[in-house]
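Going by TrEMBL, these are the annotated features:
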TRANSMEM  21-43  transmembrane segment
TRANSMEM  49-70  transmembrane segment
TRANSMEM  82-101  transmembrane segment
TRANSMEM  107-127  transmembrane segment
TRANSMEM  148-170  transmembrane segment
TRANSMEM  176-196  transmembrane segment
TRANSMEM  226-251  transmembrane segment
TRANSMEM  263-280  transmembrane segment
TRANSMEM  292-314  transmembrane segment
TRANSMEM  320-338  transmembrane segment
TRANSMEM  350-373  transmembrane segment
TRANSMEM  379-399  transmembrane segment
Amino acid sequence: MKFPHEGAGLLWQYPEYGKRWIGSVVSGLGNQVGWMGLVWLAMDLSGSAASVGIVTLLYQLPQALLAPVAGALLDRYPRARAMALANLALAAVFTLIPILAHASGRSALWAVFALTALAGAILPLDTTGAGPLVAELVPRDRLSQANFLNQTVMAVVYLAGPALGGVWVAGFGPVAPLYFDAATFLFLALLMWSIGPIPPRPADGRGGFWMDLADGTTYLLRHRPLLAMAFLSLMFNLFYGPYMVLIPALAQAHLGGPAAQGLVWMAFSLGALAGGAVFSSRRWPFRPSTSLAAIIVLWGVVTLALSGVCTRVVPTCLVMFLGGLVFSPWGAIVTTIRQHLVPPALHGRVFGTCALLTAAGTPIGAWLTGLVLPALSPSSILALAGAFTVAVGLAGGWWPAIRQLDPKEAEAGSKGVSV
């Protein structure tokens, strides 16, 4: 497996993949704008930054808990059609959030919480299917190109979305971004529905639904390198969680409000865009184990640096740019490894089980940050998170199961991945 120089030609060579890509760009932009609106709506209704942690937990925890169920369904039914229906439902939910928030009076915050949880429960039918669907639409030897293309383009989304969302919230309030998000979900639903027939997946001896549901866990438990990689992803996400709470809180208290929050996330996305452009331009020169461990260690270093400058806008943006640069290759590397090591018939279930083990990290990290924020300063929380992140990365680099991802370290009967 190689990480080639260019991947943009995939959009024309494989037009069904191009539809998903275009829809993801538009919907991803809507998600960033809509999330900004949702966060500030929650803070306006509650009067507290701690509500950001609750919203994050309610939105992301159901995604983790229900991902295996979504994966089992996506392995049973046409993935593109199921994902289209999920996006249609999400369009309806994000349309209802501002309507019910306005109509519910004193219970408005609870209405926002309930609909946020509902959106989080639906979203796995799209997110869990993203990696498996790409593997159906793009040949195996082009998967790394497609995954890096996805990461690079999403960096553009994260670059434009927070800035647009911050300006929109500052100028018009938090409601309009939510309607925009709903419209982009509808756009993605229409494109997903238009994807043509996909060749049937090879049979896997499928039994009943509950047996299918257990297959992802069984496969993961039998393949220690994949399980170890899922654990590292969990820890990485856990230490990303504080950013979800602290950046809005710092923007509100020190940096100048939602426009500054958008600027900070724009710097992060600009770093991710630069990283994606560099890392996709040549063959990836490092082993998987070294790559994963180094990214986590460097993320910890970035977090430690941020703890010292987080009350000043310009230094915060510079550090967040470096954070985006460090963060950018993680998703493409992990996704490509899973696509290559897991049989296609099990993609949905294994990706879903991995999401259960990993996606909970960010909302739990955000929730814990919200709990300790009244007692500790943002800089103290960032310093603690950074130190723990460095320790996890160093330990991961020496973990035998992670080293088995490298071809020369793979145990008999297992497959390493040449990156």
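Every residue gets a Cβ built from N, Cα and C, even glycine.
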Item to complete: Run the contact check on the transmembrane segment (176-196) against the transmembrane segment (148-170): 3 or more C-beta pairs under 8 Å, excluding pairs closer than 6 in sequence.
Response: yes
Worksheet item: Looking at 49-70, 107-127, 263-280, 320-338, which one has the highest count of Cβ pairs under 8 angstroms to the transmembrane segment (350-373)?
Response: 49-70
Worksheet item: Which of 107-127, 320-338, 379-399 has the most Cβ pairs closer than 8 Å to the transmembrane segment (148-170)?
Response: 320-338
Worksheet item: Taking contact to mean three or more C-beta pairs under 8 angstroms, with sequence separation of 6 or more, is the transmembrane segment (226-251) in contact with the transmembrane segment (292-314)?
Response: yes
Discussion item. Between the transmembrane segment (82-101) and the transmembrane segment (292-314), are there three or more CB pairs that fall under 8 A, provided the residues in each pair are separated by 6 or more in sequence?
Written reply: no
